[in-house]
Amino acid sequence: QQPVPPESIRRSVSVDGDIILGGLFPIHSSAETSSGESRCGRMESHRGIQRMEAMIFTLQEVNLNSSLLRYGRHKIQLGGLLFDTCSKDTTALERALEFVKSSLNQEVVGTSYSCLYGNGTILPAVRYSAIVGPAASASTGRAIAKPIRGVVGGAYTQVSVQVANLLRLFAIPQISYASTSSVLGDKTRFEFFARTLPSDVEQARALADIVVHFNWTFVSTVFSKGDYGEGGIQSFESELDKLGVCVAERLLINLEPTKAELDVIVDRLREQQTRARVVVMFTREDHTELFLDAVRRANLSSGFVWLSADGWGKSSLPVKNNTAVANGALTLEIASSEVPGFTSYFTGLRPRGPRAVDNNASFSNHFFDEFWQQKFNCRFVVDPTKNDTVACRDNMRIDAAKFRQEHKVQFVYDAVYAFAHGLEQAKRLVCTEQPPDADTKASGLFDQCVANLSSFPGKELYNLLISPENFFVNSARRKVQFTKNGDGVGAYRIYNYRRNRETGHFDYQEVGEWSNSTGLSWRPDRQIFWSGSLLDVPRSRCSEECEPGQRRMYGRTGAGKDRCCWSCTECAAHQRVADTRDACEDCGELEGPDWNKTRCLRLQVQHMQWGSWYSAVAMALSSIGIICTLLVVGTFLRYNDTPIVKASGRELSYLLLSGCLLCYLMTFLLLMKPSTVACCIQRVGIGLGFSVMYASLLIKTNRIARIFEAASSSARRPQFISPRSQLCIGACLVGVQLGCSALWLMLSPPGTRIQQPSRLEAILRCSIEEKSFLVSLLYNMILIVVCTYYAVRTRSIPENFNESKFIGFTMYTTCIIWLAFLPLYFGTQSSFEVQICTLCVSISLSASVALACLFTPKLYVIYFHPEKNVRRLTLNSGHHRKHASSSGSCGNHKSGSLDSSSTNRLPPQLYRCADKLTSWETTASVSSPVAAATKAAAAAADTADSVRRAEDDDSSSACDSIEMRNLQHSSGGNLADHQQ
């Protein structure tokens, strides 16, 4: 009886060739017997069979490629030994042992002895495909097994990990077409492992970039137990940690999850639904289906946004019964292209027939026969006892229009070609170069070259495989190259599972792509429809962003979930929000935050602007004062020789007007942008203007007081009452102010400074303190006080000397202004504009009070009563004649007035004395005619004497002398009557 081969041999496909590559594919799913033993389950018709046939297709294409592995006229043929792993790591490890046995060059002898398996079966070497391409020895009759030079596979990460651990012991290179776990990137453990697709580290980066793109900061994760799920989610969470995104729930799906376990996971997600709507999935395909089933049972069809790795991809299995639950999901799939020619190859295959190999050998793939029966639900051998079986017909065909290449087919194709190019590199190293037409088989060089390639060190072959020089462009025009860790170039397509509005069916729509070179890119012609077919991006945040100017306040630890869950608090006005958004930082000196407090900017230095309302008010008042002052000056110059101008004391009046004008001009200096020159002029000008003005008033009040005091005590004229003397006194008084100002400038040189009344204000000001400025006005305050004192003393002089009353009113008002100015000036330090405006207005008001009170009455007489602006120094008036004729015995005496000849002899500078003399005459004649005549005669004599002195003196001295005489004559007991 023919011995039965072991399970590992029966579940394989052998393609003869000179160099043999191994292949591991998940043709069947994993299952367990009732006793708990592992076995192969149902065929995975949509994945494994396509991948296995893709390797066979690629081997044939490489063997037909004239440029690869050609040695002389002959081609070095690639063969393969392909196994089914049954999607189980232990099964895959058992199959991989066959590769090791072949690599150990085990000798297999005909039917007498080949290999003793555990069940005692003796396997003939030539019958079964465990031994590929036996080369029978004519002398010994033995067959030598060909070694496996490399392995394509496996698919699942746990399978690749187990196989890689075994193959590394025998230095057999391995290229996976589907294992993406980051664990396999550890070259200290898997130094012979490579893959034609990127690591899950790249996929984790892609998922993290999508999360950040949509501004999701609080997500949950669901992952499968094993290297794929746990390794992928670990890489993903590592990327999230760098980007400041937090994980709300971290949920693990066991290898064989129950419904109850999955329901608990869904309930955990439901608790975080209001804040963490996005769920990132790193799950196997079968786990994805079971998990979505649990979500459907919980009736959460529109509660979450699913963001899945390539374990879901474009697969139809997870969404088969869960279209409503999966609606709006974003899934990733490694970017791949259809392999040209494979569709026609696969759809043209027929079952139960041997397939020819170029070296006149043949093989068969019984896995394809099983696939055929499952796809068409038929049997090659019909059991007559079963009525539900249908015989497979010869006209059954795979519909090429409906056929879709499985997305890992390209990576199987690339893996085989990578081995072919690597062996080509090795051939150039170990085989002597031959011309293209050389018959290398006849010369024995071909067999020698094959033997050299078969014994080429595995480590060197692996280095050739992943070297930068070993790149190629596949038939889909995609560049195939490995990184230094043996990983493929990372590129992923992003799909949105949604309802097609045209057909009404759910399907996957490509909406974007991610690569490690260009990053994330979205297709502008494709919109993303989220759960519930909404276009608005769902929010997935623990806490909303703080308003501009606010910082985050985290929980107790500030780590983990607390890092994404915070409350907001306002930063101080002078602080900016730190780049980490969780602290406030003080801005530097003369710096302040911008409007949203994200950076500190140099403060804008402020100063008075000509266009501000404060400046407008101050300049308007000052301009009016300047105009009025110039009007008064012009009037006095025009009527310079009239009695009322002369009587007002022209010299002191002009000095007073110059002080007023200087005060008005100070407004414009105070409103200028501070500079060293402007500050110097301000220091001198303000005090100078006040000193000129109040020195003039002081001299006037002092002169009147001294005249009346001297008149009551003696006939001697007071000293220093002439115009020249008054100007000298005024110059001395002003000189004191100038001296103090000069000393101040020397002790504290003028300049500017930037003042900060608050952290956010920078004001350019003159470098003087408010207290120093107040001290500088102390001298003027003394002048005001003294002047007011004299104004009070002279308040009751005769009506004819009523200018002292105007001076008194001026000083009272000035005192009120200055008393109000001090609290206003120091109380408005919080606003420099108000403070400077207050100073300008106070200076202008001080000048305006003096200008209005002292000069308005004179202008009124000059312009509206010019008849009063005349000399009354003659007796020709009816009033004087009347009193003269009634005087009786005094008829021959002159009535106390100057005759016309005396009047004509008066110089012009004495005309202003006429009012004083006439007033005295009138008053005296009314009180006593006799006494009036007597006193008039004495006054006339004194006046004549004063007239003669006036020839050599000035008008003021003459008038003062006359005034003194009049007061002396009136002081004979009645002076008090004039001072009531």
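Counting begins at 1 with the first residue displayed.
Just so you know, glycine gets a Cβ as well, placed from its N, Cα and C.
If you check TrEMBL, you get these features:
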COMPBIAS  885-904  compositional bias 'Polar residues'
COMPBIAS  967-980  compositional bias 'Polar residues'
DOMAIN    614-878  domain 'G-protein coupled receptors family 3 profile'
REGION    876-904  region 'Disordered'
REGION    941-980  region 'Disordered'
TRANSMEM  613-640  transmembrane segment
TRANSMEM  652-672  transmembrane segment
TRANSMEM  684-705  transmembrane segment
TRANSMEM  726-747  transmembrane segment
TRANSMEM  773-792  transmembrane segment
TRANSMEM  804-826  transmembrane segment
TRANSMEM  832-855  transmembrane segment
Open item on the list: Pairs 6 or more apart in sequence, C-beta under 8 angstroms, 3 or more of them: is that satisfied by the transmembrane segment (684-705) and the transmembrane segment (613-640)?
Closed with: no
Task: Ranked first among 652-672, 804-826, 832-855 for CB pairs under 8 angstroms with the transmembrane segment (773-792) - done: 804-826
- [ ] Six or more residues out from either end of the transmembrane segment (652-672), which same-chain residues have a Cβ under 8 Å from its Cβ atoms?
- [x] 608, 610, 615, 618-619, 621-623, 625-626, 629-630, 632-633, 636, 645, 678, 681-682, 685-686, 688-697, 699-700, 723, 726-727, 730, 836, 839-840, 843-844, 846-848, 850-851, 854-855
Task: Mean predicted confidence [pLDDT] for the domain 'G-protein coupled receptors family 3 profile' (614-878) - done: 83
